[in-house]
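Here's what Swiss-Prot has on this protein:
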type     : residues                                                                             : note
BINDING  : Val12, Asp33, Tyr65, Ile118, Ser119, Asn120, Ser143                                  : NAD(+) binding site
BINDING  : Gln82, Arg88, Asn120, Pro121, Val122, Asp123, Asp148, Thr149, Ser150, Arg151, Thr228 : substrate binding site
BINDING  : Arg153, His168                                                                       : beta-D-fructose 1,6-bisphosphate binding site
ACT_SITE : His175                                                                               : active site, proton acceptor
MOD_RES  : Tyr219                                                                               : phosphotyrosine
Amino acid sequence: MKKVVLIGTGNVGVTVVYTMITKGIDAEYVLIDINTEFAKGHAMDMSDAIALNSTTGSKIRTGTYADAKGADLLIVAAGRPQKQGETRLEMIADNSKIMKDIALEIKKSGFNGFTIVISNPVDILATVFQKVTNFPKEKVMSSGTFLDTSRFRKFLSEKTGVPTNSVHGFVIGEHGDKSVVVFSRMQIGFSRLDDFLKSKALTEDDLKWISEKTYKEAYEIINRKRSTYFGIGASVAEMAESVLYNQRRIFPIGIYLDESKPGGGIYISRPAILGENGWEEVKNYDLSPAEQKAFDESAINLKKHWDDVQKEISF
């Protein structure tokens, strides 16, 4: 049976695990949190849900960092939550220190599996985790812009009437305000985006609205209910399933950007194949000149923040 370890049992982390369980991903789930009683309460609650599903062989319990040894997958959701009106990048100082401490403990445990970082800001924190542990880059990833892509597909579906599973395209770059919607590679059903523009089924104003709505939606949700967790829970469960069962599906997730590229040396989202060897970047995913410029600017902006982190924290 697979073994999955979750660090951080707040709303986001436990929603990921619960979604994995309801999807039928059989595993031994181990919950780790600084608040051990809180984690134990979640384990007890979810074990009741497991008991109602006679087809699953899953088990769930609490544990310590030592339990990471032998695990197939580590999901890191620890960190302070995003405050109302706060950008993800404004959380860097606090959560980078937390991530460094976690990474040191995980390295000490002998863990040798795959890691999905979902604590915000995910791009920077995945970089912190990989630098501290020195784990193979392809075995560390972040949830990146997978959720942004889901939101974008939802809004494009609303505008066109085409179901979301027939809307194909990605959001790349920073998981945040400088994300980049790749309209040039978009396909809606069997048609290119240009066909919808030519027929006036979509307008340039529609595309602008979709782009803005995609990155602003998180703030709207946080203003209403203080945090987001169902969307990211579903997204990360999909990633976990692809890694654990070698499905080799393509997702827009945080992967390492080579130092030779503008803003390189950090994790940032591009399309990647996820399977038993970790992530593989999708090759020949060409962008329009404007999209490439926006992506480079997004990477350079993140790199500046990463440089600031390195001034505050020794690696």
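Backbone N, Cα and C atoms are what each Cβ position is placed from, and that goes for glycine too.
Here the features listed in Swiss-Prot are painted onto the structure.
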residue : record                                        : Cβ neighbours (10 Å)
Val12   : NAD(+) binding site                           : 26
Gln82   : substrate binding site                        : 20
Ser119  : NAD(+) binding site                           : 31
Asn120  : NAD(+) binding site                           : 28
Ser143  : NAD(+) binding site                           : 29
Asp148  : substrate binding site                        : 28
Ser150  : substrate binding site                        : 18
Arg153  : beta-D-fructose 1,6-bisphosphate binding site : 24
His175  : active site, proton acceptor                  : 33
Thr228  : substrate binding site                        : 21
Val12 (NAD(+) binding site) as reference: those recorded positions from Asp148, Arg153, His168, His175, Tyr219, Thr228 with C-alpha within 10 Å of it: Thr228
Integer Å distance between the CA atoms belonging to His175 (active site, proton acceptor) and Tyr65 (NAD(+) binding site): 28
Residues near Ile118 (NAD(+) binding site) in space but at least six apart in sequence (CB under 8 A): Val12, Gly13, Val16, Ile75, Val76, Ala77, Ser142, Ser143, Ile232, Val236
Neighbour-count leader, CB within 10 A, binding-site residues: Tyr65, Val122, His168: Val122
Asp33, Asn120, Arg153, His168, His175 filtered to the recorded positions whose C-alpha is within 10 Å of Gln82 (substrate binding site): Asn120
Cα-Cα distance linking His168 (beta-D-fructose 1,6-bisphosphate binding site) and Ser150 (substrate binding site), given in Å to the nearest integer: 10
From Ser119, Asn120, Val122, Asp148, Thr228: binding-site residues whose CA lies within 10 A of His175 (active site, proton acceptor): Asn120, Val122, Asp148
Fewest-neighbour residue among recorded positions, criterion Cβ within 10 Å, set Asp33, Tyr219: Tyr219
Max pairwise CA distance, angstrom, over record-listed NAD(+) binders Val12, Asp33, Tyr65, Ile118, Ser119, Asn120, Ser143: 22
Length of the line joining the Cα atoms of Ser119 (NAD(+) binding site) and Thr228 (substrate binding site), in Å: 12
Per DSSP, three-state class assigned to Val122 (substrate binding site): helix
DSSP three-state assignment (helix, strand or coil) for Asp148 (substrate binding site): helix
